[in-house]
Amino acid sequence: MFQTEFLDLPALASAGGSVTLPGSKSISNRVLLLAALSAGSTRIHDLLDSDDTRVMLQALRQLGCGVHEQGSVLVIDGLGGQLKTDTAQFFMGNAGTAMRPLTAALAVLGGDFSLSGVPRMHERPIGDLVDALRELGCSIDYLGNEGYPPLHIGRAQLRLDQAIPVRGDVSSQFLTALLMALPLAATQDIVIEVVGELISKPYIDITLNLLQRFGIAVRREGWARFTIPAGSRYQSPGDIHVEADASSASYFIALGALATPSEPGAKVRIQGVGLDSIQGDIRFVEAAQAMGAQITGGPNWLEIARGHWPLKAIDLDCNHIPDAAMTLAVMALYADGPCTLRNIASWRVKETDRIAAMVAECAKLGAQVEEGPDWLRVHPLPAGAWRSASIHTYDDHRVAMCFSLAAFNPDQVTVRIEDPKCVAKTFPDYFETLFGLVQAQPGRVPVICIDGPTASGKGTVAAEVAKRLGYHFLDSGAMYRVTALAATRAGLAIEPSQEAAIAALARALPVRFEDGKVLLGADDVTEAIRTEEAGMNASRVSALPSVRLALVDLQHGFQALPGLVADGRDMGTVIFPNAPYKVYMTASAACRAERRYKQLISKGISANISELRADLEARDARDQSRAVAPLKPAADAQWLDNSELSIDQSVQQVLAGWLQRQAIGSHSAT
Ligand SMILES: Nc1ncnc2c1ncn2[C@@H]1O[C@H](COP(=O)(O)OP(=O)(O)OP(=O)(O)O)[C@@H](O)[C@H]1O
Ligand SMILES: Nc1ccn([C@H]2C[C@H](O)[C@@H](COP(=O)(O)O)O2)c(=O)n1
């Protein structure tokens, strides 16, 4: 997961390949609670591991549920409808799919419980559910604002003889919560009556489907009246599989519709969710098809390719796909006319006011957007009108994920996604998964080059800059160091007479960089290549032209999405001459010798500062005077003498220079 302050998406072009998506959040949290309330143990396969499911799991542990991992399977030992504790305080984060059903179940069982969440959770209405539960005889008090969490739950005196009314036009989660809680009290038939037009009906279908799997056969009359039969009891189904998340699939369906194929005939294939999904958001497929996407599918898979281009404008009632419909708003930027998304009032009370968020962020990209209380109209953005923008994500995973699709814009402007880790709510590895399927416009994966002499601090600074930007890191010096080590181990003298043999070795160098370690074959050489002798040998080996040539492809291979920071001697001059930002980092020889001295002493290696200075000056001289790719600043490099700067100040300067070049929106950077 990207933990950076922001993630810059360079202009993207094409896509192709297969992706297996994480489990559905809606199914995962329902299954967890049902398994906890059931008699017996439930083995849950393919459960989503995300912020919202962790919130639910933590609550279940607090209630005394057994939770065990068995490989990729999670086993829940159910409570059989009997709580092991009747006093607890629960923190529900911003997980609506945990907050609402748990409130109902605890209220029906009764006890001394409080439930709270993040500030946004305390702005998300729950009054209609509380009203219904009070009607039933549950004891619930508001601990903050009337109608909103946090809540206190006390002992219940249930009255089951009359139909329980619940509003269905704000959130279908209230009805879901009652449907899941009432089997715990079904000593007689219990009737729920929906007041108002029920929204998001497909989510009720998921609830009914899963209740059936756990032994509860709810009788439904239209969408207005539901009966829990007397004697209903939760019983574990044993094993249960969670489908991949259909809402998450929407980003990859849109990807297939927007991107050109990575090679002729290539498609985007989604595994884990298919046309027979029980999730309502699978009907996003129909919306995407209406916009021109070519989609085929089977029971557990979908394949998408670009069809009509530009996409066709739509005017759609999105009540049945409230979450996935956000993706349509970004697809609309690529349509042949304005797209209107209707009946989406529920967006206003989600993780953020999603209608307001879409209006504000599409406008930053340059789009004209109109809104009403329950609708949104997005006008397409023609080529020439796109603006590079910093997308605020409002701690809303879906805002972050759907705006990643703006990176396919024809003007090839960079799209910045602020706080990318907000995707952890449902899809922690979303951006990594996306980067596994897409290709940037040719030459558009950014490379920041930091070249300079020995011990100028370029490696330290480059690694930190890469970390802050979420970019890959190339320590090119390590490749010469490993080559020299491999040559020495092979008994080759590091001199011109052995150039061909060393180059052959370098071409097939089994080097890997993993978790901060450098591996030569199976051998961890991280420390072995850091000695002064190894540095000097690397300098000698790097003067051999065929060895340099042999290592070019290996270095180019590091240029991958979302970007690269590369440090060395010829990054900006030879390996990445078209890099958009180059720094030549240096410091006085005295200063560099002192840094190297401290570095060695801190590792317990004895050193002499004047010898170190003489060595590094000799190494600089060799690196600067060799015939091929000598150390020198690129013509377009920014010079940074950091003799008087701390590491952090150096990092800040490099970041500031890069962000100035990026010139995205008005975001402050470091
Ligand atoms: N601006 C700085 N101020 C003080 N110390 C620094 C600074 N930059 C780096 N250092 C320290 O100097 C030492 C050498 O830095 P580093 O290894 O990053 O240099 P380098 O240029 O990559 O060297 P080499 O080319 O030999 O690999 C490290 O111990 C590092 O912590
Ligand atoms: N791009 C590069 C990187 C390194 N070298 C050579 C010259 C250096 O003295 C030696 C070791 O590099 P370090 O790990 O100290 O950065 O490798 C080069 O020629 N080109």
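The count begins at 1 with the first shown residue.
From the backbone N, Cα and C atoms, a Cβ is placed for every residue, glycine too.
DSSP assigns Asp323 (active site, proton acceptor) to coil in the three-state reduction, outside any helix or strand. Annotated active site, proton acceptor per TrEMBL: Asp323, in sequence order.
DSSP assigns Gln173 (phosphoenolpyruvate binding site) to a helix in the three-state reduction. Per TrEMBL, the feature phosphoenolpyruvate binding site maps to Lys25, Gly96, Arg124, Gln173, Arg354, Arg398, Lys425.
Annotation comment: TrEMBL describes Lys25, Ser26, Arg30, Ser171, Ser172, Gln173, Ser200, Asp323, Lys350 as 3-phosphoshikimate binding site. Following the DSSP three-state reduction, the secondary structure of Lys350 (3-phosphoshikimate binding site) is coil. Around Lys350 (3-phosphoshikimate binding site), the same-chain residues at least 6 positions away in sequence with a Cβ under 8 Å from its Cβ are Gly96, Arg124, Pro322, Asp396, Arg398.
What TrEMBL lists as ATP binding site is Gly452, Pro453, Thr454, Ala455, Ser456, Gly457, Lys458, Gly459, Thr460. Thr460 (ATP binding site) falls within a helix when secondary structure is assigned with DSSP.
The domain 'Enolpyruvate transferase' annotation in TrEMBL covers 17-434.
The annotation domain 'Cytidylate kinase' is assigned in TrEMBL to 448-655.
Each of the binding-site residues Arg30, Arg398 was scored by the number of other CB atoms within 10 A of its CB, and the lowest score belongs to Arg30.
Between the listed binding-site residues, namely Lys25, Arg124, Arg354, Lys425, Lys458, the fewest other CB atoms within 10 angstroms of a CB are found at Arg124. Residue pair Lys25 (phosphoenolpyruvate binding site) / Asp323 (active site, proton acceptor) shows a Cα separation of 12 Å. Put simply, of the recorded positions Arg30, Ser200, Asp323, Lys425, the one whose Cα is nearest the Cα of Thr460 (ATP binding site) is Lys425. By the rule that a residue counts when its Cβ sits under 6 Å from some atom of ligand 1, the binding-site residues Lys25, Ser172, Ser200, Arg354, Thr454, Thr460 yield Thr454, Thr460.
With respect to their backbone Cα atoms, Ser172 (3-phosphoshikimate binding site) and Gly452 (ATP binding site) stand 61 Å from each other.
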